[in-house]
Structure formats: structure tokens, C-alpha cells
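Pasting a structure below so you can have a look.
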Amino acid sequence: MHPAVFLSLPDLRCSLLLLVTWVFTPVTTEITSLDTENIDEILNNADVALVNFYADWCRFSQMLHPIFEEASDVIKEEFPNENQVVFARVDCDQHSDIAQRYRISKYPTLKLFRNGMMMKREYRGQRSVKALADYIRQQKSDPIQEIRDLAEITTLDRSKRNIIGYFEQKDSDNYRVFERVANILHDDCAFLSAFGDVSKPERYSGDNIIYKPPGHSAPDMVYLGAMTNFDVTYNWIQDKCVPLVREITFENGEELTEEGLPFLILFHMKEDTESLEIFQNEVARQLISEKGTINFLHADCDKFRHPLLHIQKTPADCPVIAIDSFRHMYVFGDFKDVLIPGKLKQFVFDLHSGKLHREFHHGPDPTDTAPGEQAQDVASSPPESSFQKLAPSEYRYTLLRDRDEL
């Protein structure tokens, strides 16, 4: 018979306190700190990684830290496998080389990675535990809608860009590559798939991928590359999903301004698809070589009345073409002139050469004066940039640099 063990009242209270603390203290997930030694290995092995690029002296970074940690705890309970979701951070003061590698221009910046590949769109939503957790849940959800009957194809939303994969089976290398691409580009296209007997009528030459452009009249396009080659498949689908001329909205304006490229914008009424098609064709014909130097965009005249007012235009004047350099706005001539070969290209070249800026301040260049006509130095005050107001706000971020005047 064992002797009874009696605890004094203070000892009993202490033991109960320790027990309660042990039971009710939540397990806090350690946020992974990234450096030059471990960053590639950790990100490459993570299905999804959300990385906080911060600086300790930044007050917005300080405010985000506890929120980021709590969101990590919430997600860790739902995705316990260490490689399913990783919450990580980079001290940009300590690791400026990493900050430069990922072009960090503001603190805090939250970037998403998939299997080591950085996604183009960073997280710009609300900085709350719920919002961050919901964002990760969305990223972990299946981006591909399975088709159970080919008749469903006839009811697709043709205002979207649709990518449809037809596969013999889901457990295949072909589908795994398709799924990987869909995870990256699901914000730009709607992805669908069909398998087995359902997809058989569309697999007469084997597994294949079809692109259905917006609109009912545009013909389908068939992918002819190797289905198991990720790079080739990704590049083909990206080319279809991310158009040369993108629409700017209030939702993506911050993202587009942060790319740092001036805007060539067509303002048009939403229902005026003819002007948009003309603009798209001329951009592709005249300016494809300028893709890395300027963003080609179109905007709804009704939604963007304020920028139009900056250039003394109203929706009644649309379609209107303009350049916003983030310092000034410059208006193209008559929209019909876009069909003159080289006219739109010269407009963009005049921006890069400084001619647009120079002529706004000092009048036409002497070379533009007609023979026998006396040159006049007519200075003007160019309208200020309107779209720079969509750039990251100093009330949400610590901004590291100002835009240079173009």
C-alpha cells in the first residue's frame, strides 16, 4: 500500500495554475525567418508560402507582426503538414540582398510563392487574422472546375477567358502540369477539366488543352506543345490568360502602378467593344516591342471620369487615348488617327525621348515648325498624373522611393 501524498494549500494552488496554463495556452507557430542560406530550400519545398518582407523600424510592419503570427496559428491547425503552407518573413534591413532580389519597394510587403515560384500578385487585402486566413484558404482551394457533362461547355461564361483540359485520367503527369499552371494563373482565367468517358469525344488525338477566348464569335485555340513540359504549357496558357491590353480597375490599380511602367490607356464606354478591338489590334501591330517599357490598358469611361476631367474630357468624348507617366498626362490626337501606320508608335516614342514632356513645357520642337513659320515658345502646364493616386498609400505602407519623372 502506497503512502498518501498530501499537498499544502499553496502547493495545490500552484499545481492547479500550472495545469490550467498548460491546457489553455495556445500553441504558437514559429514564423520561419528566411535568409540567403535557407530561402530557396524552404520556398521550393512549400506548396504555398506567404512571406512578409518587413523592417523593424516600420510602424506598419510592427502592427502586422502579431496578426501575421496569429493567422499562421489558425492556418497551421487546418493544414498541419509543414510543407502545405508556410508563413515566413524576411528582415529586409538584415537581408537587403533578398529585398533587392524581389524588388521590395515598401514595407510591409506580403508576397505569395508556389513551389518556389513568386506569384505576380502580392497580398493587398485587409491586414486582419480572418482576411489573411481566408486568403490562404482560397489559395489552397482547387482552382479547376470539373466538367461532368460536355453540355456544360455551352453554358460557360463567355465574358471570361476559359482554359479547358481534356484528360484520360486525373492521376497523370499531364493533369499535374495543368493543375500546377492553374494554381498560378487562376486569377486570370477560368480553368475547367474533364476526365474519362466524359472527355473521350475531345481526346481523339490524346489529352489536350483548349483555350476559349471571350465572346461567342472568337474561334477556339488548341495547345500543340508537350503536355508534360511545364514551362512550355505555362507560357502558352499565360499568353492566352494575360492579354497584351489589360483592363485597369480600382481593384488592380495599385498593383499596376507599382509595376513602375507608364500607362498607355484607352478610355472607352463599356459597351464600345469596337474601339477596344481597334486599339488592341494596333497595339499588337505597332507596339509589341514596347511591352516591357509601357503598360497597355483600357478603362471604363464611366468609372474613370476623374482622370478624364484631368485631360479636359468627359465620357461623351470617348474613345480617348492618353499616356499617364505618373507625373503628367498626355493626350493622343483624334482616336481615328490610331489607324495611321506608326502614329501610335510615335506617340509612345515621344514619351520615351522626352519630347512630350518638353513640348508641354516649352511648346513644339523647332523641327516640328512648318517651313517659313516662325517658331513660338509656347509654354503650357501639363495636367498632373491622375493614376498615381492609385499607387500604394503612405497610410498603409512605408514607401522606400518616389517615382522618377519621365
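Cβ coordinates are placed from backbone N, Cα and C, and glycine is handled just like the others.
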For which of the residue intervals 211-214, 259-262, 343-346, 403-406 does Swiss-Prot record motif 'Prevents secretion from ER'?
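Range annotated as motif 'Prevents secretion from ER' by Swiss-Prot: 403-406.
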Can you tell me the mean pLDDT for the region 'Interaction with ITPR1' (236-285)?
94
Can you give me the Cα-Cα distance between Cys241 (disulfide bond) and Cys301 (disulfide bond) in Å, rounded to a whole number?
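Roughly 24 Å, rounded to the nearest whole number.
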Helix, strand, coil residue numbers for the region 'Interaction with ITPR1' (236-285) per DSSP?
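When I sort the residues of the region 'Interaction with ITPR1' (236-285) into the three classes, I find 25 helix, 9 strand, 16 coil.
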Roughly how many Å separate the Cα of Cys318 (disulfide bond) from that of Cys189 (disulfide bond), to the nearest whole number?
28
What residues, ordered by sequence, lie under 8 A Cβ-to-Cβ from Cys189 (disulfide bond) and sit at least six positions away in the same chain?
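Lys160, Arg161, Asn162, Ile163, Ile237, Lys240, Cys241 - these are the non-local Cβ neighbours of Cys189 (disulfide bond), listed in sequence order.
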Translate the DSSP assignment of Cys318 (disulfide bond) into the three-state scheme.
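Reduced to three states, the DSSP call for Cys318 (disulfide bond) is coil.
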